[in-house]
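Peer 1: Submitted below is the structure of interest, expressed as structure tokens.
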């Protein structure tokens, strides 16, 4: 391929690099300058590459531009808060002096005639003074800084830009002030002079309080971050809201303003040391006036001077906040009582009286009209309509009518039967009461069950009104059965039982053969079967004790040895079972001689006690034999019988 067709790859674009916080080496800084963009023309303002670090917003930075600190000093110890009780006690003790001082101030300044509102011309002149002081403060800061840092340079540039932007407005304000100087000087009254004096005292006192506060306990004040950076360096002092006369002086003589301020501050400090209570009593009123002035200044924006008025408002509020925080606990006594407006009060009192009269007249007229209307009879325009007849009920269907008739008949029958049964029971009870006197105690016990009326149910006992048909037939007499015809009996037999129900299964299908072949059980109610069985049997046998009595002691010993050999374990384990046998030998000998059959013993039980004794002994013997069989003394029952027969034959 030829060289002309090959595409050219462009160079990779270099990224812009801003200046970092830390300085770079010489080679790196050279590369950055080479790759950076060409410088901007000289006519446009220089924009800083990074935002300057905000200075410490302490009281010194707002009021004294000479003493600017980088960081606020944190106090080592927390300030001790004074209790309110101590301050109140001090106020109570020193009230007489304060009252005298307040009276002297009132007599000096004639505060009764002071008006709270300022004229618009004085507000405009205060703005001009604030703008002029900002320019002077920025100039003094630039002179005092011998070795300015790059951050300070940027701040001064921003301040100069702001001054250049504000300059046309300053010229306009100056021209307006020159025109209005003559008119203002003529219109100034005693009230405005008093305002000016109070404003001067408030500003000087705020500056003096800053000096009194130690360095370790300076109060931090937060200012909104929306304020422009250039205007932060040119913050005005706290005493910016001064009188109209001083604003004019500052505009005419800008060079001598600083010297006059210093002299005035020294004079105010001496006054405060001499009578501090005067200043404390006047600060509350001055603060209120300053707040109103700042609100008026903020409510009248005038182009580029808006930012300066906002700054002036924030700076003037700072000392007032500190003073209010210090004097929150001290009660403020008003200079004068408010006067009542007697004319307005009289008008207010007259208005409700007139309204009440009008309301009462209207009520009287309405009452009279209602009474007249009630006397006049009214003829109705329309006749009242007659009520419609009640709706005729529909005839029920034949099935519903038949069902209702059947229910009525059943209810009547039930009522008739209940009445007869109650009458019969009452007559029976009366007859029983008459016969109870002649019946003995045995008959009273027999009648006890009849008085219970079925409270205690016996086995098989059912309420007579709910007996099943099978039991009714058994309990009924044969006369009633004979009265019933063969048809009724067949119906009773074929009637279904209450417990049997048809099992619900799948319809339309045949049942399985196993289920279909099952035969149903039919109960024969009229048949009775008798079964005879033996409850108990009595079997008699010869006892071994009788044989032992007839034998000699030598033969008894031999038989005992033979039994021990056959039953070594059982004979040793049950030695006590043989003791009652030896003890009752004499008794059983007498019983055996007079042995009776069980039937004769039962018949003669009540006549003779010997039969009872014999029965007890027989039971004991049977128990002993059963224990031997269960314990395994004999292997089989046959072996036990053979042993008994052998002992019998030996006799």
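Every residue gets a Cβ built from N, Cα and C, even glycine.
For reference, Swiss-Prot lists these features for the protein:
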type     : residues : note
REGION   : 1-85     : region 'Disordered'
COMPBIAS : 9-19     : compositional bias 'Basic and acidic residues'
MOD_RES  : 18       : phosphothreonine
MOD_RES  : 36       : phosphoserine
MOD_RES  : 58       : phosphothreonine
MOD_RES  : 70       : phosphoserine
MOD_RES  : 85       : phosphothreonine
REGION   : 110-522  : region 'Disordered'
COMPBIAS : 133-149  : compositional bias 'Polar residues'
COMPBIAS : 164-178  : compositional bias 'Polar residues'
COMPBIAS : 179-213  : compositional bias 'Basic and acidic residues'
MOD_RES  : 183      : phosphoserine
MOD_RES  : 231      : phosphoserine
COMPBIAS : 243-272  : compositional bias 'Basic and acidic residues'
MOD_RES  : 277      : phosphothreonine
MOD_RES  : 284      : phosphoserine
COMPBIAS : 339-361  : compositional bias 'Basic and acidic residues'
COMPBIAS : 372-383  : compositional bias 'Basic and acidic residues'
REGION   : 383-396  : region 'Interaction with SH3 domain of ABP1'
COMPBIAS : 414-427  : compositional bias 'Polar residues'
COMPBIAS : 471-482  : compositional bias 'Basic and acidic residues'
COMPBIAS : 501-512  : compositional bias 'Basic residues'
REGION   : 549-651  : region 'Disordered'
MOD_RES  : 552      : phosphothreonine
COMPBIAS : 575-586  : compositional bias 'Polar residues'
MOD_RES  : 592      : phosphoserine
COMPBIAS : 594-605  : compositional bias 'Polar residues'
MOD_RES  : 595      : phosphoserine
MOD_RES  : 597      : phosphoserine
MOD_RES  : 599      : phosphoserine
MOD_RES  : 643      : phosphoserine
MOD_RES  : 647      : phosphoserine
MOD_RES  : 650      : phosphoserine
Peer 1: Using a Cβ-Cβ cut-off under 8 angstroms and a sequence gap of six or more, which residues of the chain neighbour residue 599 (phosphoserine)?
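Peer 2: The list for residue 599 (phosphoserine) is empty, so the answer is none.
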Peer 1: Would you mind listing the long-range same-chain contacts of the region 'Interaction with SH3 domain of ABP1' (383-396), meaning Cβ under 8 Å and 6+ residues beyond its ends?
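Peer 2: For the region 'Interaction with SH3 domain of ABP1' (383-396), the nonlocal Cβ contacts are 404.
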Peer 1: Mind tallying the region 'Interaction with SH3 domain of ABP1' (383-396) by DSSP state, helix then strand then coil?
Peer 2: 0 helix, 0 strand, 14 coil
Peer 1: Note the mean pLDDT of the region 'Interaction with SH3 domain of ABP1' (383-396), expressed as a whole number.
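Peer 2: When the pLDDT values over the region 'Interaction with SH3 domain of ABP1' (383-396) are averaged, the result is 82.
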